[in-house]
Amino acid sequence: MSENTRELVLDMLMEVTRQERPSHVVHSQMLMKYQYLEKQERRFMSRLFKGTLERMVTLDYVIGRFSSVKVSKIKPVLKNILRMSVYQILYMESIPHSAACNEAVKLAVRRGFKNLRGFVNGVLRNISRNVDQIPWPDREMEPELYLSVIFSVPQWLGSYFIETFGFNQAETILKDSLAVHPVTVRCVDEEGVQETVKILEQEGVKADPGVLLPYALRISGFDSIGELKSFQEGRYAVQDESSMMVVEMAGICRGDTVMDVCAAPGGKSCHAGGKLLSMAQGTGDQGHVYARDVSYEKVELIEDNVRRLGLPNVTVQVRDALVLNSEDVGKADVVLADLPCSGLGVIGKKPDIKYRITRQQITQLAALQRQILSVVQNYVAPGKTLIYSTCTVTPEENMENAVWFEKNFGFKLEESRQFFQGIDGCDGFFIARFRKMEPEG
């Protein structure tokens, strides 16, 4: 790989670690911006960027074992140079150790650290020579430190997972977050899955069936999904099967009015809109989906998906879910409340989440979810449905909130499902379906 690709990866890492930009956004923009690079180079950049982020705690642990300077004292740029270089040494067999070391030194010099090139070279050469003698934490004697270092999570999070799920399940969840998974897509034409598979195969894409739903596919063997003609034509949407289950469990009927109160990027709204269109069957009773979110930036993401998938029965609106819209009270057959959460069910796709979330934030998010539910429950018509969902696995944000909601409002909990990554074949996700009680008399 050229020196330039490593420098681009360094810039991407700095955007995430210093500017706190979401890693999936930085990665998507890289794929779009550098389309002129060879596919091999972009694959290298993707692997190095995502891998370094995923393994950051592990990499810092190793650097700390071989550095005379505490990791916390190393300048941010140098720290990221070391991280990405150690990742190449430990996890990228196709990269010679000497190349990883030499390119790191050159990169440090180009970034103004000529006087520290000896430090960079010394740390990396030392790790390279002793890669088989790294003293990893003991699984039995130090279970919390073991989970933290081996699966690259803050130690408090490893402890929290052990406390909540027990060691074995915690290990399963965290191990899955580092596994390589294909991209899951939802076929828009639920009856034409095999046709979509054939089209994908013609594009050189491998397509395997999903595990939960017949219209889900798991695809691999492509560089950027946005470049595939089948994607541009709206044949499918990128969506995890756990997320698809939201609309499945909602029990949407022909002609329903659906309100998706925190809709960005629009996967569930588009799924609901598509189901309503297929149910209409030429009757003209297409139903309607109101896809809402709090900012114009978020709404633009929804609009992009609605436009690509060609859904005339989805209206996109800027609305704050915490503010009651009195004109909508009692108007919805289905309210979808997929609310802001800690995101611990999707740390495999968005690894920066696990480094930023705190125990206090989990408590704060659970409280925010209750505030939003208190408002949006007003939109549900008597006898109709509210779906509460999150992409996390914490009891505070999931079942505890579901129990609280049923206790404090006129709704009955009809069904709930908790999905775990590494166990259910999908992202970590929670879904609860409530029915609004009819007024007595």
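Glycine is treated like the rest: Cβ placed from N, Cα and C.
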- Message: Looking at S-adenosyl-L-methionine binding as recorded in TrEMBL, which candidate out of Asp208, Asp223, Asp338, Asp352 goes with Cys262, Ala263, Ala264, Pro265, Gly266, Gly267, Lys268, Asp293, Asp320?
- Response: Asp338
- Per-region confidence, the domain 'SAM-dependent MTase RsmB/NOP-type' (173-441) (mean pLDDT, whole number): 96
- Query: Do you know offhand how many angstrom separate Gly266 (S-adenosyl-L-methionine binding site) and Cys391 (active site, nucleophile) by C-alpha?
  - Reply: 15
- Message: Please report the Cα separation of Ala264 (S-adenosyl-L-methionine binding site) and Cys391 (active site, nucleophile) in Å, rounded to an integer.
- Response: 13
